[in-house]
Amino acid sequence: MSTRNYVTQEQLLNTSYGMIALTSVFAIARVATRVLRPKKLATEDYLVFLSFVLFIAMSTMYIVVTPAIFRISAVTSGALPPYATMLVDALFIIKIFFANTMIFWFLLWTVKFSLLALYKRLMVGVDNKIYIKIWWGVLVFCILSLIGCVVSNFTSCHSMHAWFSPGECTLPRDVRAQIASLYYAFAVDVLSDLMIMFLPIRLIWNLQMPRAQKISVGALFCTGFVCILFAIIRVVQIGMKAGNSSTPSSSWLALWAVVEGAIAVIIGCCPAFAALYRTARKTQKASYDARGYAKHPSSNSGIPASPSINLKSMVSTTTRPKKNSPYWDLEEGADSSQEELAKLNGGIFVTKTIKQEESNERRM
């Protein structure tokens, strides 16, 4: 790694602190959605929380190693004379960046796996098996590409001894390997993001809902373009600064890893907020009593209204009702009804009162 710096120590630290604060807000908000809507945590919830933990670990280690990075840089530029613990700092930087590179890829891929876990739940009950096969194909590609990223990190130096020996991982072969690792990881990262975003589009389009709502749901799942944008910015900035004859800058790598990692965690938290927004809208439209029945105003004559009967639960259909929104309805829980009364615009509601009387007579 190069000791050249394109940001100051204060800029790198402030960016790291800011991204930690921002992702913490989104992570806490996602936890709040589970508190407000108590339900069993799903696989995607655990994966998103794991990605947040990985991000905190990565950012913290970058914050800890930042002073050493700039001390070494000051020595190489002549601004600071060599000091006794210089080799210790150099080895410490190498170990941190080796570990953080691995953490960074696991962070990004954990968010991808969380979205795939969500899509798997959306496909429950889908008759078309092609969706399931495509889902498995995307999952296998993501796993193999992650393994490739790990392998490329290990092979960025001509030997593991050179990896952890300051100044020995600078051969032309090592420079080419590190640049190749950067672009390979970028390529599979963007390609897997595109595959994950396009995976549910046809499924969403076949849902029975207004076109505007289909577009809004599709836009939610296409927020991965933000991750792609930052991945492009990251690799372009690092690649342009490094060129083809030098290894990437340590401080520059740290800065863009923190930024892209934060964006990935935020994107992973977004689907839960959409479900919470849907719940808030439904709460405003209807009010229900403790038993789940719709509340009706009492009559003006002073006579208490008879208990209403939940006709929704008595409706039977010969065909399976279609969901208006896959993720939002799944978030409502397995016990919630997927059937909704049709909304009549200026129409007439016909109601029927059903009474059950008990007879004291018994047959002999």
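Numbers run from 1 along the shown chain.
Placed from the backbone N, Cα and C atoms, the Cβ positions cover glycine too.
Look at TrEMBL and you will find 29-278 tagged as domain 'Rhodopsin'. Annotation source TrEMBL lists transmembrane segment at 12-33, 45-70, 90-109, 130-154, 182-205, 217-240, 252-277.
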Across the domain 'Rhodopsin' (29-278), average pLDDT on the 0 to 100 scale:
85
Return yes if the transmembrane segment (12-33) and the transmembrane segment (182-205) have at least 3 CB pairs under 8 Å (sequence gap of 6 or more), otherwise no.
no
